[in-house]
């Protein structure tokens, strides 16, 4: 409705408006939206599930400014840098809105010389992308990031990140999912043995990254046509990227005559084996797929990469949900902090980002379909009076209840479980009438027991 | 320390840096800061106190985008508009970062045709002001706003806003405070009877607003010298603005031969009397002062205005706290929503904004002085093992505890109350050794009772 209204108002404004009022457009900027009380209620539910998981894993929380010095973001995002929002030069520093939470995190670590931290960060990031708002793609959107920085036993933090994705997606009950896993070293090793020149690793990797959206034929023709790869090399890649599986596939590739000769690939496969052993101990391999077609867009990954994909939607009536796809992703980036440190000192990092906007849009649509009523306040009691003149007495009672920490309202609202009624006779008798909305039952409660009675009747 | 490091790095970068690395400055933008885990712990404590008060008062929550169309902000802030951050024109709409939460709220109401809502909104706003970071003045800072929109019995929502300020400041234990109250209609009536021409009301009001920072002589000379007011008019104002008090002062001014003849002033004083009656019922007049020198900077107020000021600092050792001053403010703005409605339909509104950054800086400095250790995680148990080889067993136990919702850590951290130790003999016996960190006591717990035991020992 908000969008409809905005559209109509925009048309009206363009037609000149009435009463010589200035033409103005009553809307939020392109690719952004307001969160009304209902959306906020969903948002807080999801955040609370995610935060309690992050805390269970011992994370601290940090926050950084919404903008960074422009140079802090320069050279971190490859081709996607064109999507960064810059601030106008109004004198002083050149600033840009943050594009993700990972680069600010790396800047924070380098600036404060922190070499060991487990932290989460939930905040909005900004991308001048083509919005697809019904599918949860916005220009202003939340990221929920959990990262582990520091030196640990190999693959232990990486396994924990996957455990976290598993816990959160299970907890939110979004339907069946699979977490695809790969390693940048395996990809680079694969490119090498397929005959891709070193200088083309990153751009060919970007092509492979498109495989979850377009068929192999198209990706192949991009590699050969646009990026000048030999058809033979492309075909060799084509064979590898079909492969996905578990420990068995890892064992097979460790025996692969070509890959096993490549140092990077061998390292990556060895670590992948260790990772799967840990995931087996965690009991979550059922949802994990080692997938050679997974590449991830960002430049800064150096080891394990992963992405969680929803396999089906819960509600078959809502056609648009097809394609919501990826709901979490992440990986290891051991070089990023070093880019900020004046001496280039590295801090190994691995992290996961939960794609919260997609999850919101799934839950919003599900809620709309279900007609479940969502409460947007926590009000326990409505204070009313039968007689007009009792405003003073009502205010006294209201003040008393507020001071006792009771959540109340003095005007109509939906979903409030109790009504406290101030009446003349009751005042004389030293009682307050309490109506239980669900049952329409009414009881007189002695004034001094009222707080306790409300607490008792509204605690679950 | 962070600031020191940034300063040193800046100097270093300017000197050229080593190893031919590019010169870059490792810092956050001017007037902004990171929140590390300790600051976040304080921030979350304060937010939780404030949010629980807002919820007690039956508020819903909304959120709006960090930027608005530039024209949405145009003409709302008077002289302060020069402090607005604009985004660079990268093609498409012209955008600005929000300057407060009130104008986006009014835009939201008009856009969604909402005529009745009680909502809170906690978010960052942006002002290109001169930062004074030790006193909690930043260019990026939080506002915590609570507003009531809609038609109600006169002064009931206004009284509720004051009750909220009183509850929050009492709850946070920031020391003694006073809430100054005035009304724009009383100010305008006062200007009229003192002989200020209508066209000078707003600019003279801005001068009066400075009285909390500069002495009357200076304000007077600004009025007369810069703003061209007659010395007689200025002196008459000078007499009124010394006045402050309670119901008695209101009664006296209602009898004032000049003020009582002015329609606006009479209306304002009548409502002020009603407000004080309600505040008496709420039992909070002890902290309220009707103060004729209170003016508030923003243009959009139309009725009651108020501002809460801390009267002293708790800790006399921290000299810098002097001048922290105002920690909450607000008022009635009945015309703002109408500026956005295509037909100019008005929605009466009154609201309060809590000056959270000043509160943070007080609590941060107090915490530093007290040497209290603040926990930045909620970890309940550390899982360790005596023997090197037991990684597998540890991972199994860790996974089991995570799945039971226990908050844990597998590496060192401070403040964790329990350590679970996996040992070979214990594994054979089917137990886990639990060390209670505070008492150094160690007990063997049967594996199947471990979750319950941890819950029991870590619940308060």
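Cβ atoms here come from the backbone N, Cα and C positions, even for glycine.
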- Task: Have a look through A:127, A:128, A:135 and flag the one TrEMBL assigns to the L-histidine site that A:100, A:101, A:102, A:143, A:147, A:296, A:300, A:301 belong to.
- Result: A:127
- Query: Including all protein chains shown, what's the count of other C-beta atoms within 10 A of the C-beta of residue A:296 (L-histidine binding site)?
  - Reply: 21
- Query: Including all protein chains displayed, how many Cβ atoms other than that of residue A:301 (L-histidine binding site) lie within 10 Å of its Cβ?
  - Reply: 23
- Task: Report, as a single number, how many Cβ atoms besides its own are within 10 Å of the Cβ of residue A:143 (L-histidine binding site).
- Result: 18
- Query: By a simple count, how many Cβ atoms lie within 10 Å of the Cβ of residue A:100 (L-histidine binding site), its own Cβ left out?
  - Reply: 19
- Determine the C-alpha span of the L-histidine site listed in the record, that is the greatest distance between any two of A:100, A:101, A:102, A:127, A:143, A:147, A:296, A:300, A:301, in Å to the nearest whole number. 21
